[in-house]
Structure formats: C-alpha cells, structure tokens
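Asks: Below: one structure in structure tokens.
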Amino acid sequence: ADAADKPDDPNFFRMVEGFFDRGASIVEDKLVEDLRTKETPEQKKGRVAGILRIIKPCNHVLSLSFPIKRDNGEWEVIEGYRAQHSQHRTPCKGGIRYSMDVSVDEVKALASLMTYKCAVVDVPFGGAKAGVRINTKNYSDNELEKITRRFTIELAKKGFIGPGIDVPAPDMSTGEREMSWIADTYANTIAHTDINAHACVTGKPISQGGIHGRISATGRGVFHGIENFMNEASYMSMVGLTPGVQDKTFVIQGFGNVGLHSMRYLHRFGAKCVGIGEIDGAIYNADGIDPKALEEYKLQNGTIVGFPGAKPYEGSILEADCDILIPAAGEKQLTRNNARRIKAKIIAEGANGPTTPDADKIFLENNVMVIPDMYLNAGGVTVSYFEWLKNLNHVSYGRLTFKYERDSNYHLLMSVQESLERKFGKQGGPIPVVPTADFQARVAGASEKDIVHSGLAYTMERSARQIMRTASKHNLGLDIRTAAYVNAIEKVFKVYNEAGLTFT
C-alpha cells in the first residue's frame with residue numbers, strides 16, 4: 001500500500017471505489033438478468049463486468065501550474081487540478097475548492113462522487129471537480145481574483161470549461177464572487193461570441209445569471225434529506241428515535257455555507273442545535289444555539305470561538321451528545337478511531353466523504369444510520385442544474401406565467417363566488433370567497449425562489465423514496481449508502497449500455 005493508505009487514513013479515491021464495489025456486487029447479477037440481448041449468459045456477464053469497469057475510473061485529469069504576480073511584486077506559481085470522472089452525460093459538473101489539502105487523489109475522488117450524486121438525484125450531468133492548492137487567508141482579494149481568472153483561462157485553453165463541456169460551481173472557500181470572476185473571464189475571452197457563455201459556471205450572483213435559492217441549496221437539501229429519512233417510522237425504530245425532526249438535537253462540524261444553512265432550516269422546523277465545531281475551536285450549549293446570532297457573531301469576528309450564547313467545548317465536537325451529527329467540513333473525519341465514541345444515532349453527511357469504510361462498518365454494527373453524502377448534499381448540484389437551465393433558456397423561472405397564473409386564480413375564486421351567490425345569494429346578498437392566508441401567498445403564482453424550493457424538495461423526496469425502495473428490496477437495513485450506490489450504478493449503467501461504445 002502507498003504511504004497515504006494507512007489503515008485509518010485510506011486513499012480517498014480508493015475509498016470511493018470501495019463503496020462503489022460494494023454497490024456493484026449487490027446489483028451485478030440483476031443487471032445481467034435484466035439485459036435484453038441475444039447474447040449468451042457468459043457474454044452478458046462479460047458485458048456487465050465491462051461496463052462496470054468503464055464507469056469506475058476517472059476519465060480525464062488536468063494538472064496545471066501557472067504564475068501570478070503578488071501584490072508585493074513577487075512571482076508565485078500556483079497549482080490547480082480539474083478531474084472529469086465521466087462523460088456518460090454532458091456537461092460534467094462539480095465544484096472548485098481552494099484548499100491546501102487539494103491533491104490529484106482528492107479531486108479524482110470528489111469527481112467520481114459527483115457522477116454518482118448526479119445519478120442519485122436524476123440530474124443529467126457527468127461528475128467533475130477542481131481544486132487550487134492555496135490557503136485563501138494568505139492572499140488579498142486582488143490576488144484571489146488574479147488566481148481565479150487565470151485558472152479559468154487555463155481550463156478553457158485545455159477544453160475543461162464550457163456550458164456544454166464542463167460547468168464548475170462553488171465549493172470550499174469559493175462562492176458567488178469567484179463564480180462571477182469565472183463567468184466574466186470566460187464570456188469576455190474564449191467565448192465572447194457564445195450566447196450561452198454565462199452557463200459555463202453555476203453559483204453566480206443573480207446579476208450575473210445566478211438563481212434565487214442557490215446559496216442555501218445544499219443546506220436546504222441536507223434538511224430535506226434528514227426530514228425524509230426521519231419521517232420514516234421503520235428507520236427510526238431501528239435507531240431508537242421517534243419519527244420527525246421536531247425537538248431532536250444536532251451537532252454540526254463546519255460552520256461554512258453547508259453548516260450554516262443546514263442549521264438554519266433544522267432550527268426553523270423545531271430541531272435544536274447544541275454544538276458547532278470549526279477548525280479553531282468548538283462551542284456547546286445544551287439549551288440550543290441561535291443560528292442568526294451565531295452567523296452575525298462569525299461575520300463580525302471571523303470565528304465562532306468566544307460566542308456568548310454557548311460555552312467552549314473541549315475535545316472533539318463529533319463525539320458530543322446529540323441525536324443527529326452533521327459533518328459539514330472535510331473528508332475522512334469519522335474513522336475507526338472515533339466511530340465507537342460517536343453518540344449520535346443519525347449521521348447526516350453534509351460534507352463529501354466524511355466517513356471512512358471502517359467507520360461505516362462500525363456504524364452499521366451499532367445501528368447508527370448514515371445518510372450518505374451522495375444523496376444528502378445533492379441539493380447544491382440540483383439547484384445548479386436549475387441555474388444552468390435558466391441560463392440556457394435566457395429567461396428567469398415564472399417570468400412568462402406570473403400574471404396569467406394570478407389572473408386564473410382570481411377567476412377561479414370569482415367563479416366559485418358567483419356559483420354560490422346564484423344558489424344561496426337570494427337570502428343574504430353577496431357571498432365573498434376569500435382566499436386563506438396560505439392561498440393568498442400563492443395566488444400571484446410561483447416566484448423563481450418558490451419554483452427552486454419546490455423543485456429541490458421534490459427531488460430530495462423522490463430520491464429518498466428510490467433509495468428506501470432499493471434498501472428494502474436488497475435487505476440492506478440501515479446501509480443507506482450502498483442502496484444509493486446501487487441506484488446510481490443502475491442509472492449510469494443504463495446510459496452506457498444503451499449508448500454502446502463510440503469506436504469499437
């Protein structure tokens with residue numbers, strides 16, 4: 001084994017491949033059985049094994065080095081990567097992270113997770129991921145802009161970005177600002193004649209072709225995912241909790257975009273956040289932490305440490321007392337070293353790859369339910385898909401239907417009112433039909449935000465049902481991750497099988 005593959009620190013790409021293999025071993029016979037071809041059983045087996053071999057590896061990995069000039073006049077060489085795992089559906093899709101932990105292995109692993117994630121939630125993209133190896137705290141805004149714009153040009157030169165080729169998105173230490181720089185650079189250089197140029201990246205500000213609800217999408221999806229599984233009484237009896245998120249306690253590791261918005265939505269629907277951990281310290285309050293107050297404190301102070309609404313927490317926040325643990329930071333946080341000390345009954349993977357295979361086995365033995373990353377944090381790519389469609393359609397959701405829907409709703413109310421008055425109005429004059437508060441809010445038709453929110457909620461619910469059906473069909477119990485991989489493999493397999501090979 002290579003140096004990085006210590007028992008408790010598995011190679012990240014191989015870790016994802018291991019999870020894939022577990023899913024493939026369960027579904028392989030069924031795939032052979034379902035093939036409607038005239039081949040012999042042996043040929044069918046060979047075809048299935050061959051396609052599974054095609055799915056697994058990362059198709060393209062681009063490694064880049066490029067110079068920038070620092071504010072002090074010094075020259076520096078920056079390293080970056082973009083991995084495209086699969087082109088069974090195009091474009092490829094996946095975030096860009098700025099972190100000192102970026103490596104070829106990490107980018108390949110995250111790209112492969114993106115392929116399976118898109119398949120699980122029925123978003124028609126292949127998986128990709130990019131990383132730039134920098135610590136953003138050591139660079140000025142001006143320097144970060146130079147790095148981002150130059151990285152975009154380097155990707156474009158190699159054909160690794162474009163609305164129909166490969167569409168990046170925000171990830172760790174990147175957000176709307178960086179996406180705006182990417183879109184602007186691409187649209188003003190290599191794609192200055194392409195009307196769809198701004199669809200080259202998602203997670204943009206609204207003024208640059210972004211979509212309402214994208215910033216909170218991953219956290220909102222995490223909430224919907226937790227809710228879908230926690231409302232299922234059969235699962236909750238396995239882990240020993242009552243159904244529903246109401247009054248449950250939760251702890252979050254990582255108070256970035258995903259952590260903050262997961263906390264906000266869970267709090268809004270009656271769950272209680274008792275602990276938050278970040279790289280520089282953790283806080284705990286058994287009576288609950290207010291998300292708004294903590295968000296404001298972090299904005300002002302750049303840290304959660306010292307927040308007056310909670311006490312400092314010594315030791316690992318992952319091991320704190322709670323019902324739901326949400327790792328929303330880096331990968332490989334839950335390992336065989338700490339898995340037995342985790343008190344939560346539900347682990348909701350907001351981050352990508354936070355659980356090692358060894359920890360996964362321990363959780364299954366201990367009846368802890370892990371809601372896997374490839375389903376749970378797919379809210380981000382789902383709403384990115386909506387944004388990409390909006391860019392290709394060149395019109396915001398609801399723009400053409402607003403007035404028509406509103407008028408139709410009022411006509412409906414008047415029609416009911418007039419019918420009632422014709423029948424009963426003789427005795428007492430007019431019978432006003434007044435919309436309820438909830439209906440009044442919807443009378444005007446769906447805004448873009450409403451459409452995004454309902455589309456996301458529907459996606460998370462439908463995918464959860466598919467995963468639950470698969471888990472029950474294959475008697476997987478609490479092994480939700482394997483059920484999700486089985487679903488993803490079936491869908492990707494179908495595309496490869498029916499497309500055939502390009503040149504054989």
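From the backbone N, Cα and C atoms, a Cβ is placed for every residue, glycine too.
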Asks: Quick check: of LYS345, LYS361, LYS390, LYS403, which does Swiss-Prot put in the same NAD(+) site as GLN87, HIS88, ARG89, ASP122, HIS198?
Replies: LYS390
Asks: Swiss-Prot has LYS93, SER384 binding substrate. Which one of LYS69, LYS117 is in the same site?
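Replies: Matched candidate out of LYS69, LYS117, per Swiss-Prot for substrate with LYS93, SER384: LYS117.
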Asks: Let's check the environment of LYS93 (substrate binding site): how many other CB atoms sit within 10 Å of its CB?
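Replies: Result for LYS93 (substrate binding site): 29 neighbouring Cβ atoms inside 10 Å.
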Asks: Given a 10 Å Cβ-Cβ cut-off, pick out the one of the binding-site residues GLN87, SER216, SER384, SER396 that has the most other Cβ atoms nearby.
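Replies: Going through GLN87, SER216, SER384, SER396 one by one, the largest Cβ count within 10 Å is at SER384.
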Asks: Would you mind checking how many other C-beta atoms are within 10 angstroms of the C-beta on HIS212 (GTP binding site)?
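Replies: Its Cβ shell of radius 10 Å holds 20 other Cβ atoms.
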Asks: Sort out for me which one of HIS88, ARG89, LYS129, LYS390, ARG462 has the most neighbouring CB atoms within 10 A, since those are the recorded positions we care about.
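Replies: Of the recorded positions HIS88, ARG89, LYS129, LYS390, ARG462, the highest Cβ count within 10 Å belongs to LYS129.
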Asks: Check the Cα distances from LYS390 (NAD(+) binding site) to each of the recorded positions LYS93, LYS117, LYS129, SER216, SER396, ARG462 and keep only the ones within 10 Å.
Replies: SER396
